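Asker: Take a look at the following structure, please.
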Ligand SMILES: *Cc1c(COP(=O)(O)O)cnc(C)c1O
């Protein structure tokens, strides 16, 4: 079984995002191994399609992109007490900081290396997750100003993240915008002039041009999944999760299929065995409720999804499905959103699911 990643879809989606971004530059978010699509390959495809920068969560992810030869600006923004900031400084990775303690740790790394760190301030404008909260902000700014004056830090940007971007009309978006503008003004009062400011994720990029500022930071939309269900914006899913039929067999009426015989064949039928299970990212709670696309039609899973395999019903198999045929678990059709609906989650989690034994293959792009 494999995920097939269409790099032409990444380029297509990037073009749509750039149209929406207007004059703002685009930072392609490739955290979590490019939402499980491959950070290096997606990062390269995004840059080739006009993204200016890459964004990831951790220093480790950023350093991996550098090691792969990517020279574009890379920002990382989530750190813990044992984060290796020296690795970030050495690799010329921009560090998004959320506290004075992080700033001090970055300072130490810059001193050790004898080389300035590039720092961006993440301000908390109401998500209350990472980012500098209002009470800590003045001390962050005075500390930062000192480090800039000492030549230990290059101050690059101020950014923030939205809580309700998937509801474009939600008043919290305006509230966060107002707090963001205030935070920028406060930094300027401290003599800190950001080169750029940014707050928009995919949803805001596609629906709120007033939040584009200097740069937008789309993730999910670049992978072809709409952050706003019901409007696809012309995006094309880049990931197809597929597996080859391992066995085709007859099952007699009255026979039960898979553990616990949750499904009993109501009549003589033909089934196909798909060698992918919950260890590979096929969620067991979907048992009996999802279809794969196989032999030109949707085929319902029957019986429980197991660790390594599940079964689909082919009925009389008029389509002539054979061993070796490819079943699409999700991609253009069925869509990751259908899995998300069944699982009461979001498609972000669905594309992050394929793992372990699942191999990855790239198509399209200029490789
Ligand atoms: C993940 C993330 C993004 C991208 O969000 P999408 O909803 O996938 O577009 C942008 N900015 C930050 C800070 C993030 O953590």
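Indices start at 1 and increase along the chain as displayed.
Placement of Cβ uses the backbone N, Cα and C atoms for every residue, glycine included.
Below are the features I grabbed from TrEMBL:
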- 31: active site, proton acceptor (ACT_SITE)
- 31: N6-(pyridoxal phosphate)lysine (MOD_RES)
- 129, 307: substrate binding site (BINDING)
- 238-363: domain 'Alanine racemase C-terminal' (DOMAIN)
- 259: active site, proton acceptor (ACT_SITE)
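If you look at the structure here, what lies around each of the features I listed?
Answerer: In sequence order, 39, 55, 56, 57, 58, 61, 219 are the residues of the chain that are 6 or more apart from residue 31 (active site, proton acceptor) and have a CB within less than 8 Å of its CB. Mapped onto three states, the DSSP output places residue 31 (active site, proton acceptor) in helix.
Secondary structure at residue 307 (substrate binding site), as computed by DSSP, is coil.
Secondary structure at residue 259 (active site, proton acceptor), as computed by DSSP, is helix.
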Asker: How many other Cβ atoms sit within 10 Å of the Cβ of residue 129 (substrate binding site)?
Answerer: 11
Asker: What is the average pLDDT across the domain 'Alanine racemase C-terminal' (238-363)?
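Answerer: Value for the domain 'Alanine racemase C-terminal' (238-363), mean pLDDT as a whole number: 98.
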Asker: Taking only same-chain residues 6+ apart in sequence, whose CB is under 8 Å from that of residue 307 (substrate binding site), what do you get?
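Answerer: Spatial neighbours, sequence-distant, of residue 307 (substrate binding site): 277, 278, 279.
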Asker: Applying a 10 Å Cβ distance cut-off over all chains shown, what neighbour count does residue 259 (active site, proton acceptor) have?
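Answerer: So the Cβ neighbour count for residue 259 (active site, proton acceptor) comes to 11.
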Asker: In the domain 'Alanine racemase C-terminal' (238-363), how many residues does DSSP call helix, how many strand, and how many coil?
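Answerer: So the counts come to 22 helix, 49 strand, 55 coil.
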